[in-house]
């Protein structure tokens, strides 16, 4: 058998990857000060898409001053500046990295001598692995240390799941999340036909303020897509010809200009002067590409007229959208989170399991996959089955190239039986190390990088209701894919290739030989961890792709004001469902080999430490916030750690069987049973609490006397009792119904009043859900009776613990006494105050005293000035000063004392003080397909000094198309410049 190449591969890999990492870090330090938009965009004041609370301070001076600066910040700082999802990602890396370090301290001093001495005298890293042991009694050290190490992992998983549940419950009771529209809306899908009516749902949930159903709006959706496509083409074509006009006149002599204008007979502001009609941009109609498409048309004239026609068609369908077929999904809105949680926790008991598919809470209208709303249970299950089948087939076929990678990692063992590979034996040691260490690790990274986009696409096609569900679907399948390919396939092929000679000679002992050589596969993962630990983090902070897009491709590809604005103001956002599995598989590998080849723990510790630092920088300074998953990837990642524990235990079991060591075998079987029982217990205890918030927790946070957080079981029993209580009330209700004022929309459906066109002058459809002040009487008279008027004067108002008009005994435990909003006293905040988005004399908006108001797409956002100004009190410390190290160590083994509800809540940043007052018009139609509320497009072109843009604006306006050149100009080089936001830009309020 050939000798192991682990030492030469290790040295070659370490040198090459080490030098690569040094180059990446050097480039990062060199380029960062001169390219702040690439390396610290979150600190720039002129990026409009970053709310002030999320903006970070500039990177501290010094090459690595930011490391100490960020590591010294409390968790509250990270929650505010990296988002809840970013915070839990960092926490996950920190937790598993710390456990890897503990494993080094616990396992290496014992297992390395046990493995290395008086064994099989193997070479290289194999000397330090399980396969070098010959004395069967030594295996007791492995089994008992596996108990300790895996037991520690299991307890930490339990402790972190406990923390996550308390964190979620505390977060949901903060002023921000308590008042969100998504926190007050329950989504129920796949409803049975017998209850898919507003009246049926109102009858079962009488405290609902609004019940909205999804509708089949496929025709309207197609029209909106066509309009958006034409608007994009028109905007690109218009800016293209304007750029050409400016280019034709820039740096021209008077003689050349006279020739261009034909001595004054051609107007300067006419596009025909510069670009004749026949030479203007054209495109083909239809969906087929290039010459296979339909008729070729002038883009400017055709799109302008077509958009005007589409505007009229869309307005008609938007005004009459409720007449379409209803879909089996409804959105039940409540005035408070308390009632929404009561509904969410009792939906299954009241409706029955067979009468609906899924119940969801905490998802905004933007989160909903509206195309999935029409699916019935059978259709959704069929889609999921098809998507899962495709994933299984992908895993099977992807195993072949990955298997080649595993074989290459131990290719030197195949030279005796594969003649054409014998030339490898004549290679220098360093080159052999490159082939067996460098080449397979790079190939594996490339192969795995091709998979995520496909998995995300399958998630969307599988019938996921929300984009969060799609993300969690991607996380589950990408992790499964990685475990099978990176661990199982590579381990099997690598160990098989190293034993092929012996298997051919002794086929009956193939299983024993494979088991004994399984630890040799750890050599590949040492190289893989070096790659991930050295080049991974340094490549991440180098931001080479963003640098290329910003400095090279952006300047070539972006020619319109909107393209340039998007390039500058749009930040990259991490997709957590893809980021997590990439780290989880590394954790799985080091757990699996922690007992078999413990030396791997040293490399995993270094790798995870560097990954933590890299993500700490990027999440604070580079990445923007993605859609809000509320940290849901974190508990899934914790549960998926059990995969690594099970695999490690099964591998040890197989090794003990092959070694015929029955004592360690029985002990390992016992621990597998303990692990499985702990896993089942945690799933039953914690998963039902991820989205359900105990009502007592909400009331306790509001300061209602007699309520406290249910620490004993985190509210699990209370949630079950609420379901039984609500079911009992519904069954005892004799009337099974409620009386509500009739709306004009109801009267139109009943043909009692004419269905007039409700479109407004600006093309925005009338409100499909009438607000309280627009209720109509059944009598047909314009005057309403006093009793009806009293009912109709009710308006949904946002109640906030930050308001100066809070009720007695309603003091939030979130904001301590004396820490209410203060008066403005900083110049920056004074500037915000002067730009108050609403009239000082208009009392229709009642924000908290001293709050910083900002107009947004769905209402007004009121922020805490301390959070906006990054004042020290905005970031509470992690641990009270009275907590000594001894006390903290003791509390580690008692999650109830480590994470009491009130303490966790008080540690949140003051950004959770934010309050949002939604517009009534938005609230009434929030949970409808976005195409119902979609506004007419605004084309944004660059203002040229010739006046051509103004002429084109007038021409487009005659066709019903809104074109504007606000906040744009050409610089002295003839390049497009934007000076402010697009005319259709609005800051987004959290929903």
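Backbone N, Cα and C atoms are what each Cβ position is placed from, and that goes for glycine too.
Owing to the predicted nature of the structure, the values given are computational and were not obtained by experimental measurement.
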Next on the checklist: If you check Swiss-Prot for N-linked glycosylation site, which of 132, 792, 913 comes up?
Outcome noted: 132
Checklist entry - So, residue 41 and residue 852, same side of the membrane or not, per Swiss-Prot? => result yes
Next on the checklist: Under Swiss-Prot, the annotation transmembrane segment belongs to which of these stretches: 354-374, 417-437, 438-458, 501-521?
Outcome noted: 438-458
Checklist outcome for this item: Helix, strand and coil residue totals from DSSP for the topological domain 'Cytoplasmic' (459-471) stand at 8 helix, 1 strand, 4 coil
Checklist entry - Taking the glycosylation sites one at a time (115, 132), which has its Cβ surrounded by the most other Cβ atoms within 10 Å? => result 115
Next on the checklist: Using a Cβ cut-off under 8 Å, which residues of the same chain at least 6 positions beyond either end of the transmembrane segment (472-492) come close to it?
Outcome noted: 391, 394-395, 398-399, 402-403, 405-406, 409, 444, 447-448, 451-452, 455-456, 458-459, 462, 464, 514, 518, 521, 524, 528, 575-578, 580-582, 584-585, 588-589, 592, 629, 632-633, 636-637, 640, 643, 647
Checklist entry - How many Å separate the Cα atoms of residue 115 (N-linked glycosylation site) and residue 132 (N-linked glycosylation site)? => result 6
Checklist entry - For the topological domain 'Cytoplasmic' (626-637), DSSP counts of helix, strand and coil? => result 5 helix, 0 strand, 7 coil
Checklist entry - If you average the pLDDT over the topological domain 'Cytoplasmic' (31-91), what number do you get? => result 89
Item to check | Chain residues outside the topological domain 'Cytoplasmic' (626-637) and at least six past its termini with a C-beta under 8 angstroms from it | outcome: 83-85, 87-89, 91-92, 160-161, 164, 167-168, 171, 362, 364, 366-367, 467-468, 471-472, 475-476, 573-577, 580, 583-584, 686-687, 690, 990
Checklist entry - Per the 3+ Cβ pairs under 8 Å rule, pairs at least 6 apart in sequence, do the transmembrane segment (139-159) and the transmembrane segment (662-682) touch? => result yes
